[in-house]
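Listed features, source Swiss-Prot:
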REGION    1-24  region 'Disordered'
BINDING   C84, C89, C95, S324  [4Fe-4S] cluster 1 binding site
DOMAIN    96-313  domain 'Radical SAM core'
BINDING   C110, C114, C117  [4Fe-4S] cluster 2 binding site
Amino acid sequence: MTTVQEAVPNLIPTQDATPRPAPKKVEAGVKLRGADKVARIPVKIIPTDELPKKPDWIRVRIPVSPEVDRIKQLLRKHKLHSVCEEASCPNLGECFSGGTATFMIMGDICTRRCPFCDVGHGRPKPLDVDEPKNLAVAIADLRLKYVVITSVDRDDLRDGGAQHFADCIREIRALSPGVQLETLVPDYRGRMDVALEITAQEPPDVFNHNLETVPRLYKAARPGSDYDWSLDLLQKFKQMVPHVPTKSGLMLGLGETDEEVIEVMHRMREHDIDMLTLGQYLQPSRSHLPVQRFVHPDTFAWFAEEGYKMGFKNVASGPLVRSSYHADQQAHEAKIKL
């Protein structure tokens, strides 16, 4: 079990007070990634010499399938983005080969610059007013039964993008009335009340927002975000729409301790969160936050056991688990009637 004393020193190499070049000017529509992206956060990330070698339980075989190409072509046809591609998800091959995808709306440029994430940062373009209809058509073409919709952060919008989520849900249900929808939303920083009022009018079947990491690591891992704000967002939605299950997740391997993970899980239950995902953080590039540890599958299994003891309806906990990975199975196993 990892202690705080063991975890804290490991974070020191990621911070440096030495001068650094001025970050590149951000132009509208230009996507910054890697070193250009993390250069704009308060805590300097020192590039690692090389990416860490993954243990055997982390390695993924990339299946070769025409279905992968078909879905990619369909996304391009409808001018859509998948978080599977943008965030370099290790499960992309499996999900695409199975004919499913998690759709990322509101563009592929995020106004945040979290150094664990591989999605590009910058000044996004205006919303595509045709995206809700295009998304609905694509989902109908794929004949999907369970769909996850997520987004980049859009701090440039007065409602944080909540109305665009609602428009997408409305269009999808019009063309595919039997589809079940899970939304993985941003934190709506400074816009919680207006965003939740809109969301409550057109709620999804599962409302998901990730805490991502333990509060001690927020400054380094989630600059611009607030741990308690995210918990409140999930609880307030549950109070407004009590019949819709809520869900959240954590990445492990950023320097947290097992005790801190358990404490966050308790806080989640105190805020009426129903479903939990726990997965291993994988460093997207040398310029991102380094992996501090690879959590053993047995430890993930232990977290799942503890989660069920706390009252979570479902816990998906494993090295390759991601928030939207097998989300349909998770909802089904939780026996949630959608």
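FYI, residue positions are counted from 1 along the chain as it appears here.
Heads up, the Cβ atoms here are built off N, Cα and C, so glycines get one too.
Taking the Cβ of C110 ([4Fe-4S] cluster 2 binding site) as reference, residues of its chain lying under 8 Å away and at least six apart in sequence are, in sequence order, C117, V119, G120, H121, G122, P124, V152, D153. Other C-beta atoms found within 10 angstroms of the C-beta of S324 ([4Fe-4S] cluster 1 binding site) number 27, with every protein chain shown included. A distance of 19 Å separates the Cα atom of C114 ([4Fe-4S] cluster 2 binding site) from that of S324 ([4Fe-4S] cluster 1 binding site).
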